[in-house]
Amino acid sequence: MPSQSPYHALSRYFSFPNRDHQAWWTGKGPLLGNMLADAGYPEQQQYQYLTLFNLHLIPALGPSESHGAGIDGAEWKSLLSGSGKLEFSMTYRKSAVSLRIAFEPTSLLAGTKKDVFNKRRTQQLLGDLERLDIDIDTVLYHPLFDTLVVSDEEEAALQNAGTVIPDSSRTQQLLALNLIEGNVRADLYVYPYVKALATGTASSTLLWAAVKKIDRYNRFRDALSILKGYFETYPSSTTNPMFLSSDLAAPRNAFCRLFFSETNFSWERVQHLWTLGGTLSDKPTLKGLELAKILWDILGISTAPASPDSFPLLFTFELRPEQPYLRQKLGIPVSGLTESAIANACVAFFERLGWDDHAASYRTNLSAY
């Protein structure tokens, strides 16, 4: 008898409490199983992570994409990169590939009068995950929630004022679970847009305050001073503070990242923002900029300004307790490119880096999804 994949083996013994649960499992489980196998996870870990997905994550995904609306016909639209409420992605390093599950915890109540801005489900899920044998510490969750998520009173004030908030801007919290060597590292993403509307406080002010709130040991003081100083010195109408992320770890070990969108697609602007106007000139910064330029050229990025309905560039600044105090990343939108063009660009980039194994397997793996 031919051996079954972990997904098919588990499917024989899982029961489903409702049709949404079954739809999520049959719709997304095979993809997760294939990606785990292609990334080289040992079979035992494939069973582990598929079980985690079925038993603990699917109940926090809310109505399935095929069934749509929740209670009272409410249909929650997540902010998650235009891909719906759930996203699987791979992180490539020279000698390894790891998987990431990003999603907005959601319930049937999301978008109804009982949970207008889908605030409740994330905290409930984190409580469930804390009871598992994985490395999650939620001590930083509460100060981030209090600083960046609307309170019940602020929520009521927005409703009473008749404030119109687009569906795509209602998301306030996302989770990403990084699947690493049989363990899970959880990252929390918090968006202050709704809080800024409710309080009349600029998103940047809320984000700076949130960093200070979770920085109990002044680990990010120097990094924050450099970053804040740049944006005060070089204000730009094309750059906007977007959100903050922190891993859910002990405060002495947790990282903090700040994200900024950029609608100016000129390479000169990328250089200026990446180096913070020349303030950052250390070797890791310049090497990262060099690699970003290689990918930029391979993709053939247009220098035209982003249109209102297109995705901007996304800059990430990770705050660090030692030099170099900031570590940058650049997210380049690929909307408008075909999957074939994107795959060819990734393969070409891997080849430039000398990552021959990744270059050889990337197209084949992608075509299977």
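Quick reminder: no glycine exception, Cβ is built from N, Cα and C everywhere.
Sequence annotations record features per position, and here Swiss-Prot assigns substrate binding site to GLU87, TYR191. Annotation comment: Swiss-Prot describes ARG100, TYR189 as dimethylallyl diphosphate binding site, evidence class similarity to another entry.
Feature map: Swiss-Prot annotations on the structure.
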residue: ARG100; record: dimethylallyl diphosphate binding site; contacts (Cβ under 8 Å, 6+ apart): PHE88, SER89, MET90, THR91, ALA176, LEU177, ASN178, LEU179
residue: TYR189; record: dimethylallyl diphosphate binding site; contacts (Cβ under 8 Å, 6+ apart): GLN173, LEU174, LEU175, ALA176, PHE243, LEU244, SER245
residue: TYR191; record: substrate binding site; contacts (Cβ under 8 Å, 6+ apart): LEU79, LEU148, THR171, GLN172, GLN173, LEU174, MET242, PHE243
GLU87 (substrate binding site), number of other Cβ atoms within 10 Å: 17
TYR189 (dimethylallyl diphosphate binding site) - helix vs strand vs coil (DSSP): strand
